[in-house]
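One structure is given here, and the rest of the page talks about it.
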Amino acid sequence: MNPNQKIITIGSVSLTIATACFLMQIAILATTVTLHFKQNECSIPANNQVVPCEPIVIERNITEIVYLNNTTIEKEICPEVVEYRNWSKPQCQITGFAPFSKDNSIRLSAGGDIWVTREPYVSCDPSKCYQFALGQGTTLDNKHSNGTIHDRIPHRTLLMNELGVPFHLGTKQVCIAWSSSSCHDGKAWLHVCVTGDDRNATASFIYDGMLVDSIGSWSQNILRTQESECVCINGTCTVVMTDGSASGRADTRILFIREGKIVHISPLSGSAQHIEECSCYPRYPNVRCVCRDNWKGSNRPVIDINMADYSIDSSYVCSGLVGDTPRNDDSSSSSNCRDPNNERGNPGVKGWAFDNGNDVWMGRTISKDSRSGYETFRVIGGWATANSKSQTNRQVIVDNNNWSGYSGIFSVESKSCINRCFYVELIRGRPQETRVWWTSNSIVVFCGTSGTYGTGSWPDGANINFMPI
């Protein structure tokens, strides 16, 4: 082979190799582009349909990295669809309540910077529970804590922490409020925050961290709300608000809110005479509330809220073992399901109850005269039969030698049912303990259980003599 032929042969082989490399690069590029655009589709194995990801709201991006012949391909995995809560599962069948959480805020205040609070409550998003309370704009070991027995000052704010985390100095102040309610619709938190002058207060509606709507006082007499969670079904949340006398006729209205915007307001109707501080729970497709009659009755009023047509009905818990404080002795207390019992109706305390078929589960102070001790039990026929008094499944939560306070309900959705939980406010300081100048609280939380359980007492536990004055 002469030199020219060698040159031609080498050139041909080189050209062939170059062409092959070029074609391989094109194939790799085509594969990369195909896999890159494939991330915009989610295949559903059940019926082999392909659903675009574009309309799905993505809360967070999850990146999966796959290595193919030194080529890095980033593939975005389609997240789950974020949906409104509808609470359509049945209510869990329970045998009683088991301990869940306790924050020990007062004991910790003896040696740490913990907020002065009252009116606590608990509410949960779809994955986690949070505790709320109305702060007094001060920590306990602070001269500003003097006089915090007062309910309404412009420095009060709504505090929010993960359940079990005391309200330390790093706690988020959600809004300005001396009365509040909060709930999660499945997508974001709604906070109802009341503040301002007694005769001209404002309720702000904060959704997903933004102020969306507001409403002013309609009776010019301390606009106020639940001091526990509101309830959202299919994106519409409902909250009960009252404006008017605390010991006489008042104007109660039920507000319906969608993504922070008031969409409807219904007046109270039915036989309830006075409504304060409702404890509400989902009863799909509607909402039910058990409240405080601060005027005529020690039996608790009930509000049934129709979420479809905004209609309202009200009555009273049928149980003759009544839930408010003060109240008559159990042997002489009564309820006819429809009217206030006119037995020591004033002043009262926030509380809760919920229906279980014809029965009722309820909690109340052990003392019939003061906010001390706390017990729960089920009353057979207590939701359907007037003056029923057959009690079962009684539990002591706080013994009668220790102070309690407000209590309220919150609901938690499990895989198969809706569980009911409750919290108890454990008030310390004034007016009962005059050695100190402050008033504050801790909380204890229990949830329904279908299992067995023991006994105990879970008071606040702080030695008042160890506390800052």
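Using N, Cα and C of the backbone, Cβ positions are placed for all residues, glycine too.
What you are looking at is a predicted structure, and each value in this text was computed from that prediction instead of being measured.
Marked as Ca(2+) binding site by Swiss-Prot on the basis of sequence analysis: ASP293, GLY297, ASP324. The number of other Cβ atoms within 10 Å of the Cβ belonging to ASP324 (Ca(2+) binding site), over all protein chains shown, comes to 29.
Residues or ranges marked as disulfide bond by Swiss-Prot: CYS92-CYS417 (among others). Within the same chain, residues at least 6 positions away in sequence whose Cβ sits under 8 Å from that of CYS417 (disulfide bond) are LYS89, PRO90, GLN91, CYS92, GLN93. In the three-state DSSP classification, CYS417 (disulfide bond) falls within coil.
On its own chain, CYS129 (disulfide bond) has SER101, VAL122, SER123, GLU162, LEU163, PHE410, VAL412 as residues at least 6 apart in sequence with a Cβ closer than 8 Å to its own Cβ. According to Swiss-Prot, the disulfide bond annotation covers CYS124-CYS129 (among others), on the basis of sequence analysis.
The disulfide bond feature in Swiss-Prot is assigned to CYS183-CYS230 (among others); the stated evidence is sequence analysis. Cβ neighbours within 10 Å of CYS230 (disulfide bond), excluding its own Cβ and spanning all shown chains: 26.
Annotated disulfide bond per Swiss-Prot: CYS232-CYS237 (among others), in sequence order. CYS237 (disulfide bond) carries a strand DSSP state (E or B). Spatially close to CYS237 (disulfide bond) yet at least six residues away along the chain are CYS183, ASP185, LEU190, CYS230, VAL231, PHE256, ILE257, ARG258, judged by Cβ distances under 8 angstroms.
Within its own chain, CYS291 (disulfide bond) has VAL240, ALA272, ILE275, GLU276, GLU277, CYS278, SER279, ARG300, PRO301, VAL302, ILE303 as residues 6 or more apart in sequence whose C-beta sits under 8 angstroms from its own. Sequence annotations record features per position, and here Swiss-Prot assigns disulfide bond to CYS278-CYS291 (among others) based on sequence analysis.
Taken from Swiss-Prot, the feature disulfide bond covers CYS280-CYS289 (among others). A simple way to gauge crowding: the CB of CYS289 (disulfide bond) has 29 other CB atoms within 10 angstroms, across all the protein chains here.
Its Cβ placed at the centre, CYS337 (disulfide bond) has 19 other Cβ atoms within 10 Å. According to Swiss-Prot, the feature disulfide bond maps to CYS318-CYS337 (among others).
DSSP assigns CYS447 (disulfide bond) to a strand in the three-state reduction. The disulfide bond feature in Swiss-Prot is assigned to CYS421-CYS447 (among others).
Taken from Swiss-Prot, the feature N-linked glycosylation site covers ASN61 (among others), and the record attributes it to sequence analysis.
Under the heading N-linked glycosylation site, Swiss-Prot lists ASN69 (among others), citing sequence analysis as support.
As annotated by Swiss-Prot, N-linked glycosylation site applies to ASN70 (among others), with the evidence given as sequence analysis.
Among the features that Swiss-Prot reports, N-linked glycosylation site is placed at ASN86 (among others), with the record citing sequence analysis. Of all the Cβ atoms in the protein chains shown, 16 others lie within 10 Å of the Cβ of ASN86 (N-linked glycosylation site).
Residues or ranges marked as N-linked glycosylation site in Swiss-Prot (evidence: sequence analysis): ASN146 (among others). Of all Cβ atoms in the protein chains displayed, 13 besides its own lie within 10 Å of the Cβ of ASN146 (N-linked glycosylation site).
Note on ASN200 (N-linked glycosylation site): other Cβ atoms within 10 Å of its Cβ, all shown chains, come to 11. The feature N-linked glycosylation site is assigned by Swiss-Prot to ASN200 (among others), with sequence analysis given as support.
Taken from Swiss-Prot, the feature N-linked glycosylation site applies to ASN234 (among others).
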Problem - Cβ-centroid neighbourhood (8 Å) of the Ca(2+) site, ASP293, GLY297, ASP324 excluded - result: HIS274, ARG292, ASN294, TRP295, LYS296, SER298, ASN299, ARG300, PRO301, TYR316, VAL322, PRO340, ASN341, GLY345, GLY348
Practice task
Mind giving me a neighbour count for ASP293 (Ca(2+) binding site)? Other Cβ atoms within 10 Å of its Cβ, every protein chain shown.
Solution key: 22
Problem - Cβ atoms near CYS280 (disulfide bond) (within 10 Å, other residues, all chains) - result: 29
Fill in the blank from the handout: Cα-Cα, ASN200 (N-linked glycosylation site) versus ASN146 (N-linked glycosylation site), nearest Å, comes out at 26
Fill in the blank from the handout: According to DSSP, ASN146 (N-linked glycosylation site) sits in coil
Handout entry: Coarse DSSP state, helix versus strand versus coil, of ASP293 (Ca(2+) binding site)
Key = coil
Practice task
Count up the helix, strand and coil residues in the region 'Disordered' (325-349) according to DSSP, in that order.
Solution key: 0 helix, 0 strand, 25 coil
Completion exercise
In all the protein chains shown, the tally of other Cβ atoms within 10 Å of the Cβ of CYS124 (disulfide bond) is 17
